[in-house]
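Undergrad: The transmembrane segment feature in TrEMBL is assigned to 21-42, 54-78, 98-122, 134-155, 175-198, 219-240, 260-280. Residues annotated as domain 'Glucose-methanol-choline oxidoreductase N-terminal' in TrEMBL: 381-404, 556-570.
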Amino acid sequence: MASIRDALGESKGLSHDGRDVAITVAVCIFVATLVTGLRLWLSRRQGPLFAMPDFMTLASLLFFYSYAVGTYMILTIGRSGYPTSQTQHWRLTFTLKWIYYLRLGYATGLGLVKCGILMAICSSQAASSKATRIAIRVLMAFCASWSLMAILLELLNCRPLSYNWNLDRSDGHCINQNAAFLAVGIIDAVTNAAILLLPLPQLIRAKVTRSEKLAMASVLAMGILVVAVAAVRTVAIARADFHSINGNIKMVSIWTTVEWTVAIMVANAPILWSLLDWLAPFRSIENTQSFPASINMDTGREFDYIVVGGGTAGCVLASRLKQHDASLSILLIEAGPDASTHPLVPDGSKAAQLLGSELNWSYKTVPQNHLDERVLSNHAGKALGGSTAINSGGWMRGAKEDYDLWASLVGDPRWSYQGLLPYFRKLEHHFDSHADPEIHGFGGPIKTESVSHTGRKYPLRQPVQAAWAAVGLTYHPDINSGSPYGLVEVVENRVRGSRQMSSTAYPLDVEIMTETFVKRVLVEERHGRKIAIGVELEDEKQSQLIARQEVIVSTGAYRTPQLMMLSGIGPQEELRAHGVNVVLDLPDVGRHFVDHVSVAQWWKLRQPEKGLAIGSAAFSDPAYFRGNPVDFVALQSVPLEGLRQALTKDEPNHNPDEHPLISSQRVHTETITVYVAQNPHDPMVAVDGTHITTHVCCMLPTSRGSIKLADRDIRSAPRIDPNYCATETDRYVLREGLRRLRQALRDTPAGQEIIESETVEEKFQPLGPNTDDQTIDDLIRRRAMTLYHPTGSASMGKVVDGELRVKGIDGLRIVDASVIPTPLSTHIQACVYALAEQAADIILGISSV
Ligand SMILES: Cc1cc2nc3c(=O)[nH]c(=O)nc-3n(C[C@H](O)[C@H](O)[C@H](O)COP(=O)(O)OP(=O)(O)OC[C@H]3O[C@@H](n4cnc5c(N)ncnc54)[C@H](O)[C@@H]3O)c2cc1C
């Protein structure tokens with residue numbers, strides 16, 4: 001065989017047919033490269049990784065390049081296009097070998113595009129119904145089989161294999177090539193038509209803007225073109241003379257090239273949406289009433305707003321949106337039941353029993369590394385009203401400094417104390433009508449009551465106050481002033497002792513679905529942007545409901561990250577590990593989780609017969625039961641020098657004086673003294689009025705935990721790891737809180753007057769004045785438990801912006817405790833209420849305060 005240089009030197013140039021083929025291939029390669037390049041560039045801009053369909057299109061393009069190279073080789077060296085009789089023998093062999101490869105390349109490359117297109121349809125909302133998803137998978141298998149069939153046919157149609165190109169062999173034989181390639185061509189055209197028809201019903205039903213219709217029509221036209229070209233190519237194959245291959249491959253080559261190119265263009269159709277973005281960048285989901293394409297409208301009902309999670313925040317938000325504009329259609333979806341008539345709910349003193357009821361999700365943590373691998377119970381409300389259906393009703397706004405830190409972290413003054421104050425006032429119906437109206441509100445739906453206001457004159461009130469005073473803690477009259485340092489009287493949100501749930505305190509004139517799980521938020525790509533368009537329910541029909549304006553997730557700090565991840569929004573490794581399609585890689589979903597941790601102690605009363613605690617027959621005044629049996633919480637800072645050392649131990653490279661725990665006055669610990677005690681384990685304490693309980697709580701923990709997926713089932717609990725007491729700082733704070741409490745109860749005359757001893761586990765000693773750190777750490781490991789204040793798992797600044805919009809997804813917000821980005825030194829329901837109040841204003845674009 002002559003060398004390539006010689007072969008080209010001898011060349012007479014391209015034949016007339018060869019030129020046509022060469023020009024077609026050049027134009028097609030240019031177009032395919034351009035659209036694929038644009039598509040990949042856009043994918044790269046929108047996310048850190050290409051998705052699988054991108055890779056498949058890219059792989060197909062590479063095959064297409066090799067196909068083009070092969071075609072040019074046979075046109076130049078093989079002199080394809082000239083009559084076979086005028087072509088040297090070796091050139092014909094050369095051509096036949098390349099044609100053999102071109103067929104294999106075509107079958108593989110086109111198969112890749114087809115499967116890539118189907119995969120993209122499958123992960124879009126066009127595949128919203130189960131039936132469509134099944135149909136797509138079947139078709140994908142069919143396309144892959146077509147590809148395989150074409151390859152196998154190529155490999156097997158002539159025996160021996162070299163008979164395909166060795167013109168000197170006479171001992172071989174081939175099957176009827178026209179019939180075989182015709183079959184491949186027909187199946188190709190049929191699969192193309194099926195790919196085109198599959199999403200057609202959704203496209204027809206979709207309500208879209210004119211420009212989107214134009215984009216869809218273009219994709220449709222290209223799809224029809226692929227089908228038509230495949231059909232024409234099939235006819236060309238039927239007519240081809242395989243015995244005179246060099247003379248009549250023109251039409252087969254041209255149609256093959258065109259079909260492949262248009263298929264690649266269809267695969268890259270998403271660039272059309274980005275193009276629309278450039279043409280009309282002002283359009284977004286917020287200002288349009290239109291819907292994206294490809295919604296499964298079989299079950300779809302439409303609402304302006306869909307609020308997922310009828311809990312504390314969800315009820316407030318749904319109510320306020322409706323109150324502002326009665327014409328809005330709002331759907332509130334809650335996994336739990338309507339608990340308003342539940343026998344245990346109204347009675348504020350039944351909180352403990354509620355924890356054993358069906359209104360509690362009854363979560364468990366993973367074994368806690370720093371707490372002797374203990375698995376802890378973490379409660380959360382499962383009812384319309386959410387955790388307000390089972391919580392203890394403590395009403396505390398917390399300290400100004402916490403909110404100011406929040407605002408500075410996210411660079412948005414609306415989340416500072418001053419920013420939220422109008423909403424704290426708006427929602428509040430303060431018990432004292434003479435209080436300062438700059439601080440308190442008097443017309444809001446949440447009625448508050450203090451211990452004194454309800455007439456609860458607990459016998460231990462005075463001695464407890466005196467004991468704390470003796471260790472330097474002064475009485476502060478208003479827990480909700482924004483500066484609650486010292487010993488403050490407890491306030492609860494109750495109406496004459498009865499529980500107030502968010503679902504009953506706020507009018508809920510909206511459509512409500514209870515006992516209904518939302519399985520995922522539906523997200524679609526439009527204009528190159530990702531947009532939440534509705535939700536899918538975990539019901540038999542996999543019902544899909546459409547949100548014309550927004551989907552708002554309010555499923556609480558445990559479930560919100562779970563729902564986000566099961567909707568494909570979250571850390572991509574975590575999603576992939578559970579086989580969830582990645583819609584958006586948002587690594588902070590489920591991270592930065594914080595929970596308050598507390599350590600309980602039981603104290604034996606010196607004179608229980610006086611009726612000092614629940615369980616004693618003499619503790620009988622009915623007023624005592626109009627709220628929690630508590631007078632005060634002690635809110636304190638810990639000694640700063642020790643705190644500096646602990647912070648330095650945790651973060652050696654940081655200046656502790658710049659740490660927010662030190663740089664301003666903060667409430668590091670809260671100590672609650674409760675006039676009841678019960679412990680079923682060692683040390684056994686019965687509810688007999690002989691003991692009281694104290695809880696020392698670490699209010700600004702530096703430990704951070706996580707919420708991860710346990711599996712892909714929305715009904716399963718997520719994997720909860722609060723990572724309690726992971727830092728020396730948290731342990732130091734708890735140690736100091738425990739020491740201060742011991743001092744108040746054991747070293748002061750008032751304390752000694754009421755407390756006889758601390759009741760501890762059989763093998764342990766009560767804390768003493770000189771108990772060392774190690775012993776207290778041991779106590780912390782044995783006893784630490786949650787205060788049920790989970791926050792931070794969809795942190796503002798990381799997962800949502802200051803307007804509570806999920807970063808990278810239009811039309812989707814999160815409004816619940818999960819967005820709180822920094823620990824608050826308070827019980828958090830008041831904050832969640834105010835957050836939801838402000839969220840309603842932000843969503844509506846108004847200021848109601
Ligand atoms: C036992 C207990 C005692 C507490 N005591 C106090 C206290 O005294 N004072 C205080 O200030 N705070 C207290 N808290 C904390 C406070 O009540 C909560 O932090 C706060 O109410 C959380 O509000 P949220 O809106 O973020 O979530 P939640 O109120 O928990 O609402 C989330 C809702 O979403 C629903 N949901 C979840 N997943 C789905 C889904 N896939 N589809 C549909 N619905 C779903 C849930 O059923 C729930 O109703 C207590 C909490 C508990 C559990």
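Even glycines carry a Cβ here, placed using N, Cα and C.
Whatever TrEMBL says is automated annotation, not expert-curated.
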Undergrad: Are there residues at least 6 beyond the ends of the domain 'Glucose-methanol-choline oxidoreductase N-terminal' (381-404) whose Cβ is under 8 Å from a Cβ of it, and what are they?
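TA: Those are 309-315, 334-340, 342, 345, 348, 351, 354-355, 357-361, 415-417, 419-420, 424, 446, 448, 479-480, 482-485, 490-494, 499-504, 512, 514, 556, 627-628, 633, 635, 664-667, 700, 788, 822-831, 834, in sequence order.
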Undergrad: Work out, from DSSP, the number of helix, strand and coil residues along the domain 'Glucose-methanol-choline oxidoreductase N-terminal' (381-404).
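TA: Split by secondary structure, the domain 'Glucose-methanol-choline oxidoreductase N-terminal' (381-404) comes out as 9 helix, 2 strand, 13 coil.
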Undergrad: Quick one: find which recorded stretch in 54-78, 98-122, 134-155, 219-240 has the most Cβ pairs under 8 Å with the transmembrane segment (175-198).
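TA: Answer is 219-240, with the largest number of Cβ pairs below 8 Å.
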Undergrad: Quick check on the domain 'Glucose-methanol-choline oxidoreductase N-terminal' (556-570): DSSP residue counts for helix, strand, coil, in that order please.
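TA: Split by secondary structure, the domain 'Glucose-methanol-choline oxidoreductase N-terminal' (556-570) comes out as 11 helix, 2 strand, 2 coil.
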Undergrad: Any chance you could find the range in 54-78, 134-155, 219-240 with the most Cβ pairs under 8 Å to the transmembrane segment (98-122)?
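TA: Counting Cβ pairs under 8 Å, the winner is 54-78.
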Undergrad: Can you name the far-off residues of the same chain, 6+ from the ends of the domain 'Glucose-methanol-choline oxidoreductase N-terminal' (556-570), with a Cβ under 8 Å from a Cβ of it?
TA: 308-309, 311, 361, 363, 378, 380, 386-387, 518-523, 578, 580-587, 589-590, 593, 707-709, 712, 714, 717-718, 720, 790-794, 799, 806, 809, 814, 816-818
Undergrad: Could you tell me the mean pLDDT the prediction assigns to the domain 'Glucose-methanol-choline oxidoreductase N-terminal' (381-404)?
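TA: Result for the domain 'Glucose-methanol-choline oxidoreductase N-terminal' (381-404): average pLDDT 97.
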